[in-house]
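S.K.: According to TrEMBL:
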| type | residues | note |
| --- | --- | --- |
| REGION | 1-35 | region 'Disordered' |
| COMPBIAS | 1-23 | compositional bias 'Polar residues' |
| TRANSMEM | 92-110 | transmembrane segment |
| DOMAIN | 130-325 | domain 'Ion transport' |
| TRANSMEM | 169-190 | transmembrane segment |
| TRANSMEM | 227-250 | transmembrane segment |
| TRANSMEM | 298-322 | transmembrane segment |
| TRANSMEM | 440-463 | transmembrane segment |
| DOMAIN | 451-710 | domain 'Ion transport' |
| TRANSMEM | 475-499 | transmembrane segment |
| TRANSMEM | 511-531 | transmembrane segment |
| TRANSMEM | 551-568 | transmembrane segment |
| TRANSMEM | 589-609 | transmembrane segment |
| TRANSMEM | 685-707 | transmembrane segment |
């Protein structure tokens, strides 16, 4: 193993582990910190020749880039490895790896059974295109080769000792090996195998490539014991009421009183299923109607079950999940902050080793820092801010550790783009017009006009709702649209006049409005070219790709969409919208794990239930008369009577939609009942497991994360006005959302972590 011994000295004790190897699972949670390390010295005794200085600068560049990206610094630090490391984490390599993961996951839509058909309804689904043997297998093999190279590079960069400790990379090796063996078996069987194990393993490639997903999995693992206790209580509640229900609605001698027993309490599995579905309210009040029609007192049983189970235990489960999982963002931020501080401290340490004299005083030269910053790959405004702060010490010529750390505080803040200055006009008239058109009331007027436009469209749609396309008065609608679009064009032009091109485009709302305005103008011009100028007897028939009514409908949809411009001008609405945007940006790991769960359950569903439900032969080519007769003869509320034929496990895309329908829990009992009738009663276990995983666990986790994000933004909106935010140059980023709760690592802890670096080999 190739290493560079850079620092010498002495140290006593050990410390907690804040960093992990490249691509490894994060081990630096706040609860695992150990601070029993006592530093006895801080002396660097390395010579300062030119080659060493170049290596130190290269190491500092990489450590700072690790800090920027919240990466672990526990990797090789020799010159050749650092060049490989920077190439591996370059944008093109990471995008290529992400594209490879996306391709291997998307193969499930093309492989047999293929999802390449317009409809998933087996009654009139055309035969999908089936790829020839070797087509998807060739693509998959290319992906596996790329994953093997990725594993080889990661393993080399962290070294053999770290690789043996890294469970994710060991799992990566096993998954690639099993996938390759399964691929060979598939090709040897000429793609005629019934089971592809590697399809089930593909989501692992997505998990192992995201440190945020690994952190989320750790949080979920930590939350599972508390969730299991409540689920056990729910199971006890369900079993208790099942036994009471079977005793209460036992079969009697009077056939007229056996309807409840016949439909819902005929057997133990039937009783459990009925009450489990009632727990989700999907079959309420259908489940109690037969008994309730005989005696209203029976409603006490069902109401008591729902109040205790649905409104008490299920909401208690939500509260427990929120309480246990609310620290997800805090733990993630804590680990990220520690990694950032450790990377910056490591950069200072290697830069201070360019000579024994400077090392004793723990100083770094300003020109060396500027040289390092010129090589670091980072956003330009961060580089400008850090360089400006570093140049403040140019007169002294060097900076100490605290000063060096302080100049990187800009990384913890998000850049607020400054709007360019307004253009200068010499004419007093133009200056007065500029003041008027740049006023905030112009935006308010534009919002009022957009609201009036939407009201007009709504009125016309209501008046024409019963009319066919030929009977609609397209002339009136076109005149209304033309007037409003001309105003939108006028508003765009005066704002460009007042703010200038650069100033106009510096506002996101203006970009949104301008893009839609230009798009509306293009559509209007297309209408006039195709149908000429509007007149009272416009012919709505199609003269090209789209008919007149379709073009007008598209214009109206764009106008309605343009009404979203009012969101930033209403504080509470803007707060909710920003919360949703932050969820999209910052909770990608949560969505990624949900996608993994969907993928795994969809593959299992295809294995278990592909082709299980087939429509009767007389329904293969449905007609209105035959469908009416067949539907009337089916039991109400069943899979067949409701026409749920497109919801099946016959291909991957259809499986995902069916799983979503079950997650929503509306009529999910129809799917569970159908597959239990067409296959076996044991199929209910699959649907119950999916309900527990998706609806009970993931939906509650999502609610917890939304609450955490929204509460933070709500509290912050009351402490800081929009004007105050605009005045500052930088704004605190999402990584410091929990700034007050974050525990900063001490200097002693950081030095202990540097001492434990597997390749830096610091000796104190």
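Heads up, the Cβ atoms here are built off N, Cα and C, so glycines get one too.
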S.K.: Which listed stretch (92-110, 475-499, 511-531, 589-609, 685-707) has the most C-beta pairs under 8 A with the transmembrane segment (227-250)?
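M.R.: By Cβ pairs under 8 Å, 685-707 leads among 92-110, 475-499, 511-531, 589-609, 685-707.
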S.K.: When the pLDDT values for the domain 'Ion transport' (130-325) are averaged, what is the result?
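M.R.: For the domain 'Ion transport' (130-325), the model's average pLDDT rounds to 88.
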S.K.: Which of 169-190, 475-499, 589-609 has the most Cβ pairs closer than 8 Å to the transmembrane segment (92-110)?
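M.R.: Stretch with the highest Cβ contact count: 589-609.
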S.K.: With Cβ-Cβ distances below 8 Å as the criterion, list the same-chain residues six or more beyond the ends of the transmembrane segment (169-190) that contact it, or say none.
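M.R.: Here the qualifying positions are 21, 23-24, 133-134, 137, 140-141, 144, 147-148, 151, 154-155, 158, 163, 196-198, 201-202, 204-205, 208.
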S.K.: Which sequence-distant residues neighbour the transmembrane segment (475-499)? Criterion: at least 6 residues beyond either end, Cβ under 8 Å.
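M.R.: The answer is 419, 422-423, 433-434, 437-438, 442, 446, 449, 452-453, 456-457, 460, 506-507, 510, 513-514, 516-517, 520-521, 524, 527, 534-538, 552, 555-556, 559, 562.
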